[in-house]
Amino acid sequence: MTRTILSSSSSLSPQQAGSPVIVALDYADARQALAFADRVAPSQCRLKIGKEMFTQAGPALVRDLQQRGFEVFLDLKFHDIPNTVAKAVSAAAELGVWMVNVHASGGERMMAAAREALVPFGADAPVLIAVTVLTSMNDEDLRGIGIAGSASDHAVRLAILAQACGLDGVVCSAWEAARLKTDCGAGFALVTPGIRPTGSDAGDQRRVMTPLQAQQVGVDYMVIGRPITQAADPAATLAAILQELQPGGADV
């Protein structure tokens, strides 16, 4: 299967290919994750598998979701020496995931190695993005680990570095999106956690926006977890979010 690759040189917005919503499968076990997948449609969202779920269920869960027609974002945030990260990214590509990420703080050589590892996969390579500043972190948190300046400024620096290394986009807070679109261009994908539909609890995310607000500032892919996975009717919740994101949808 050929997956969409977002190039920093592309003039097309990544939102033009598929749903902009990525649902975080933050469940206790694979059975619950698959039960959720059976309640929604692949056309409504992509699905994100993080460290907890992948450690517990492994590649089998990815394949089970793919068999149901879903594109999978493997959110393992690889951060290691360049050779190790290159091999990990290559393994993710072999698994057929739609998107995979690395930590931008791993540096230029690490990100470049990850990019090079995907060249043999051609059009079947996953979208490769970098994590800038975790949305759970604020300026004070960064000062605690020796990074001066604001979380926003640091995220922008890391995003520019990731683009220079040939990555397709970054994970960032919605608060940096408008600035990043200006600095990196419309074709550089912005993937944003900390998105909460109106009326939802902010949870453990400190910097949050609603889906419509995020879209308006340039976010391409919105990661949403509990407001969808814990909804009484996840498909209806997704449908409402997607409707809101349509032109004039907020007025319906």
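Easy rule for this one: first residue shown is 1, then count along the chain.
Placement of Cβ uses the backbone N, Cα and C atoms for every residue, glycine included.
Quick look at what Swiss-Prot annotates:
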- LYS77: active site, proton donor (ACT_SITE)
- ASP26, LYS48, 75-84, THR135, ARG196, GLN205, 225-226: substrate binding site (BINDING)
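Under DSSP, GLY225 (substrate binding site) is assigned to coil, being neither helix nor strand in the three-state scheme. ASP26 (substrate binding site) sits 16 Å from LYS77 (active site, proton donor), taking the C-alpha atoms as the reference points. Each residue contributes its Cα atom, and for GLY225 (substrate binding site) and the residue listed as 'active site, proton donor' those atoms are 17 Å apart. Classification of HIS79 (substrate binding site) by DSSP places it in coil, neither helical nor stranded.
Between the alpha carbons (Cα) of THR135 (substrate binding site) and the residue listed as 'active site, proton donor' lies a span of roughly 14 Å. Counting only residues at least six positions away in the same chain, the Cβ atoms of LYS51, ASN101, VAL102, HIS103, VAL131 sit under 8 Å from the Cβ of the residue listed as 'active site, proton donor'. ASP26 (substrate binding site) has a Cβ environment of 16 other Cβ atoms inside 10 Å. Cβ neighbour count within 10 Å across all protein chains ranks GLY225 highest among the binding-site residues PRO82, GLY225. Around the Cβ of THR135 (substrate binding site), 24 further Cβ atoms fall within 10 Å across all displayed protein chains.
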